[in-house]
């Protein structure tokens, strides 16, 4: 039998058959995908074959094959730094939910996510959530951040789950697609799913007043069928986003504004760091490239996985950019 993995708890997988029936399945022994060193061999979104095991009181299944994936998105494993964790597979879009505060989402985190999604062939749409909660200064910051990413070709949406702003536009994009919500804990992923599909009643939790960080409410990634013809994968909140399996020379290729300037650099293997006659650094000096994006690039290049909590909006360079672009 063939089906799609709707939920993974690490040892058991909920699979929906092509006939619409759900079955709890597991794997036997080691199950590895060719060329992929991951902590989880099977991910939500995978198309799998499975056999029924009817020898027990409760009928379960055993997964025997994973079909080739159209794509998948990964991050560095929390416990095993040299291995990856597959978040989900076979996606049409990923929606990265961003909040300016409660909790804050930094450009470093956004850029690391975008680099990984681009590397694995997944289109990302940035969703600025909770816009109804921002004061004037926060709205200015949100609009400036949106400007940075729209300028380099990323689609951006502004939504409010509580007031319903932007919900219909989001639903129109999701219709007949398999998509995923991702972002920090507390950015409102489950709340947004509930706003689109109130009958789901996904569990939500408020932000910790002490840490201003979200608290996990989604424990495992899980796919849901929505009434307007969409399939959404809700994922646990991500604190950091470690990048794996990427050579230094290829990183700039996943920054669209860097990639289009690469042929103008003096050296073919230019890392846009210390080299002379670098078109990217020249564009940076002329304010044609965002300083926050360049800073993120350097952090990724240096293998610094600890910068996702900080941002550089208070940097004088950023402040002057904001004033100039308004």
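Note: Cβ is positioned from N, Cα and C throughout, glycine not excepted.
Per Swiss-Prot, the feature GTP binding site maps to 129, 130, 131, 132, 183, 184, 185, 186, 187, 188, 189, 190, 191. Taken from Swiss-Prot, the feature Zn(2+) binding site covers 265, 270, 272, 278. Under the heading domain 'CP-type G', Swiss-Prot lists 80-241, citing sequence analysis as support.
Annotated features taken from Swiss-Prot, shown on the structure.
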residue	record	Cβ neighbours (10 Å)
131	GTP binding site	19
183	GTP binding site	26
185	GTP binding site	19
187	GTP binding site	27
189	GTP binding site	29
191	GTP binding site	19
265	Zn(2+) binding site	21
270	Zn(2+) binding site	22
272	Zn(2+) binding site	24
278	Zn(2+) binding site	20
Practice task
Determine which residues of this chain, when 265, 270, 272, 278 are set aside, have a Cβ within 8 Å of the centroid of the Zn(2+) site's Cβ atoms, and list them as they appear in the sequence.
Solution key: 261, 262, 266, 267, 271, 273, 275, 277, 279, 280, 281
Exercise for the section: By CA-CA distance, flag whichever of 129, 183, 187, 191 among the binding-site residues is nearest to residue 278 (Zn(2+) binding site). Expected result: 183
Practice task
Select the closest residue to residue 191 (GTP binding site) from the following binding-site residues, measuring between CA atoms: 265, 270, 272.
Solution key: 272
Completion exercise
Whole-Å Cα distance, residue 131 (GTP binding site) to residue 272 (Zn(2+) binding site), is 35
Exercise for the section: Report the nearest neighbour of residue 189 (GTP binding site) in space among the binding-site residues 265, 270, 272, comparing Cα positions. Expected result: 272
Practice task
For residue 129 (GTP binding site), list the number of other Cβ atoms lying within 10 Å of its Cβ atom.
Solution key: 27
Handout entry: Candidate nearest residue 187 (GTP binding site) in space, where candidates are the binding-site residues 265, 270, 272 and distance is Cα-Cα
Key = 272
Fill in the blank from the handout: DSSP, reduced to three states, assigns residue 183 (GTP binding site) to coil
Completion exercise
residue 272 (Zn(2+) binding site) sits from residue 129 (GTP binding site) (Cα to Cα, rounded, in Å) at a distance of 33
Completion exercise
argmin Cα dist to residue 183 (GTP binding site) over the binding-site residues 265, 270, 272 returns 272
